[in-house]
Every structure is written in C-alpha cells, then in structure tokens.
Amino acid sequence: MKREQLEVYFIMGSQNVKSNEPLAVLEKALQAGVTIFQFREKGADARTGQAYEDFARACQKLCQKYTIPFIVNDDIELALKLDADGLHIGQDDLSVKEARKRIGEKILGVSVHTMSELEVAIQFDTDYVGIGPIYGTKSKDDAKPATGTRFLNQVATNYPSLPIVGIGGITPENTHEVIRAGGDGVAVISAICESEDIQATVQLFKINK
Ligand code: 3NM
C-alpha cells in the first residue's frame, strides 16, 4: 500500500454514531476525503448476524463508490467472505502469521505496542502498523493508557520505510504532533463520527498535518 493512503484513516461501527445513520456519516466522510476506511462493529450495541453482514456490505459498497480501501477489523471470516481490501488485527486476535497466510496479498494492518510485537508484524509483512492510544480515548473499552508519541517516534526512526498510523484521541488540533513524530497518518473514530461538520473536520485533519 502507499503510505499516503493512511493520511486520514476513518474507523466506524454503528455503535460510534449517535444519529442511528452510520451510512450517512460514512458517506459524508468519504465525500470529505478520508483516505481509507475500517469497519469496526464492536461492543454491546453492535449489530450481529445477518444485520452485521448486511451493514458491512453496505459500508463496502460506499467505499467502492469512492474508490477507498475497505478494511475489516478483527473478523477474518468476514474479510474473506466479502473479499475486503484488507484486515486489521490487534494482539488479542488471530496471529499475524495466520492472518497473513489466510489473506494472501490483501492489506494487513497490525496494532503494536512494543518492539517485540512490531518485529513479529514486520516478519509477516504487515502493510502498516497502528500505534496507540496516543491520547486518551473513549472509543475503545480495553484501551491501554495513553502513551503520547514517544513509541511511535521510536518506530518511525528505527523503521523509516514502514507505514505508520497513530490512533487514540486524535483531533485536528493534535494531529500535527503525530505527523511530526513520524506518523504517515491518523486513525480516527470520534472526532469524525461526532463532528457536526464532517466535511470541515476532515479538511482540517489534512490542513493541520
Ligand atoms: N484502537 P478515537 S484506540 C480502535 O490504541 C482504537 O489501539 C486504539 O478512537 C489503540 O479516535 C482506538 O475516538 C479508538 O479516540 C480510537
């Protein structure tokens, strides 16, 4: 993948959208210029069964309309069934080795928090790594404590050719810190999902880099 594709990495599930119209939010974000999308339907209020799959397909269709990569969080079966563009996994999901073996050439992203996790991700040709939470976040129940940009900076310095996206509490106001530390882009849930003007917010993420 090209590292520019990580510039504004939008992540969403229906649980992140108060209006009950997540597809409308996704389409606004796509129109506004997000560069990649991750389907992350998780938590107590998440859709399940057929409703989950139908919603994923609807999100994928919108991403295809705007020619933006559609990445599935955690659920490799869904990623394969829908022929998604990629899969993003954390450390509690299936192993990086198994994920790479099963998805072949699709985009693989891995969340890493330590150098040893990073080395495993690289060993199995991760296309990018997600590093966070950089700042405090309310969008992930089991998030680790916020770390700031130190680890991200260490990774960017040691692995200059590895695409990196920062995540966790990122807003248009702090995005430049992530980029200055060596991130190629920012992964965002709430600053976009809860924005009253998604067009303006996405533009600000790009301008403030
Ligand atoms: N992963 P927001 S933080 C999905 O640290 C996710 O790996 C994180 O949401 C990690 O932009 C996070 O609302 C939530 O803070 C990001």
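Positions of Cβ are set from backbone N, Cα and C atoms, glycine also.
For Glu41 (4-amino-2-methyl-5-(diphosphooxymethyl)pyrimidine binding site), the Cβ neighbour count at a 10 Å cut-off comes to 25, with all displayed protein chains included. Taken from TrEMBL, the feature 4-amino-2-methyl-5-(diphosphooxymethyl)pyrimidine binding site applies to Gln38, Phe39, Arg40, Glu41, Lys42, Asn73, Ser111, Lys140.
According to DSSP, Asp93 (Mg(2+) binding site) is assigned to coil rather than to any helix or strand. Counting only same-chain residues at least 6 apart in sequence, those with a Cβ under 8 Å from the Cβ of Asp93 (Mg(2+) binding site) are Asp74, Ala99. The Mg(2+) binding site annotation in TrEMBL covers Asp74, Asp93.
Residues annotated as domain 'Thiamine phosphate synthase/TenI' in TrEMBL: 8-192.
The 6 Å Cβ screen around ligand 1 retains Ser111, Lys140 from the binding-site residues Gln38, Phe39, Glu41, Lys42, Ser111, Lys140, ordered by sequence position. Local packing around the Cβ, expressed as the count of other Cβ atoms within 10 angstroms, is greatest for Arg40 among the binding-site residues Arg40, Lys42, Lys140.
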